[in-house]
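Chemist: Feature list, courtesy of TrEMBL:
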- 45-296: domain 'G-protein coupled receptors family 1 profile' (DOMAIN)
- 27-51: transmembrane segment (TRANSMEM)
- 63-91: transmembrane segment (TRANSMEM)
- 103-124: transmembrane segment (TRANSMEM)
- 144-166: transmembrane segment (TRANSMEM)
- 205-229: transmembrane segment (TRANSMEM)
- 241-264: transmembrane segment (TRANSMEM)
- 276-298: transmembrane segment (TRANSMEM)
Amino acid sequence: MTAHQNDTDPSGISDFLLNCFVTSPGWQLWLSLPLSLLFLLAMGANAVLLITIRLEASLHEPMYYLLSLLSLLDIVLCLTVIPKVLAIFWFDLRLISFSACFLQMYIMNSFLAMESCTFMVMAFDHYIAICHPLRYPSIITDQFVIKAVIFIVARNVFLCMPNPILSARLYYCGRNVIENCICANMSVSGLSCDDVTLNRLYQFAAGWTLLGSDLILIFLSYILILRAVLKLKAEGAVAKALSTCSSHFILILFFSTILLVFVLTHVAKRKVSPDVPVLLNVLHHVIPAALNPIVYGLRTQEIKQGIQRLLKKGW
């Protein structure tokens, strides 16, 4: 299919075609069912978690407010990516408008960075809870959560804005087939006839500044937590402290592992199929979203009890 010409559009095209798996088109068929099930699981589990935290007065605490924010971010990321991918898989609806493509790019970039930043704030919450338990009620307050949410949103809304703007300002001289399931920055800007060095530099700098700084601070928090835990003398105190952090640590590990594998496959793209990073990119928007509420729901006694109480009221 050729590009739709638009005289008012400086780019020369008005829409793109998303071509998911170039070398392995058969992947679409067997991926559609597990992906749709993961999507439904992510939506359902996050909705249950949000309703439970909203209705259970015992969960109206800073830690659970941060968990609610994580669930909201997961829902938005899932809704931004997965329905369009499934529409491609099932109905071959590969067309996406110029503006919708750059809006998707912006939401993916900013909300992924917000999720990383939320993990960092949660790590700080755990650090205060374990290393300074007596000061916890005076530091981690509702006001702290409000300020943290403003910081998370403001930092990532503004710092992620240049990427789609830079890509949208490029001249696209006819090629409109994006070899990806989503409007990833480099997949889109690579179609341009202009020099994309600035795009690449900004993406690299913003990625390492935002995600890199978050992961470093999370890592430092856990070093300090581990050091404090090993000094505990009371019986069962070490197990209790580690149990408090385990859910958060599991999710961070999964979040960062998928990102790391995605980066490594891009670096070694000559040695792996070009469809592998595309698949990882899609999965990164749904698997953590499905896992986050389940891991916290299963490993946090208060949430588990809250869900059980709501189910009893419902029945």
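Any Cβ shown, glycine's included, is placed from N, Cα and C.
Looking at the shown structure, can you explain where the listed features end up?
Modeler: Tertiary neighbourhood of the transmembrane segment (63-91): same-chain residues 18, 20, 28-29, 31-32, 35-36, 39, 42-43, 46-47, 49-50, 53-54, 104, 107-108, 111-112, 114-115, 118-119, 121-122, 125, 140, 142, 145, 148-149, 152, 181-182, 282, 285-286, 288-289, 292-293, 296, 302-303, selected by CB-CB distance under 8 Å and a gap of 6+ residues from either end.
For the transmembrane segment (144-166), same-chain residues at least 6 beyond its ends with a Cβ under 8 Å from one of its own Cβ atoms are 62, 65-66, 69, 102-103, 105-106, 109-111, 113-114, 117-118, 121, 185, 189, 198-199, 202-203, 206, 209-210.
Within its own chain, the transmembrane segment (241-264) is flanked in space by residues 115-116, 119, 122-123, 126, 129-130, 211, 215, 218, 222, 225, 228-229, 232, 277, 280-281, 283-284, 287-288, 291-292, 295-296, 299-300, which lie at least six positions past its ends and keep a Cβ under 8 Å from the stretch.
For the transmembrane segment (276-298), the residues of the chain that approach it from at least six positions outside its boundaries are 20-21, 27, 31, 35, 38-39, 41-42, 45-46, 48-49, 67, 70-71, 74-75, 77-78, 80-82, 85, 108, 115, 179-182, 184, 247, 250-251, 254-255, 258-259, 261-262, 265-266, 269, 304, 307, judged by C-beta separation under 8 angstroms.
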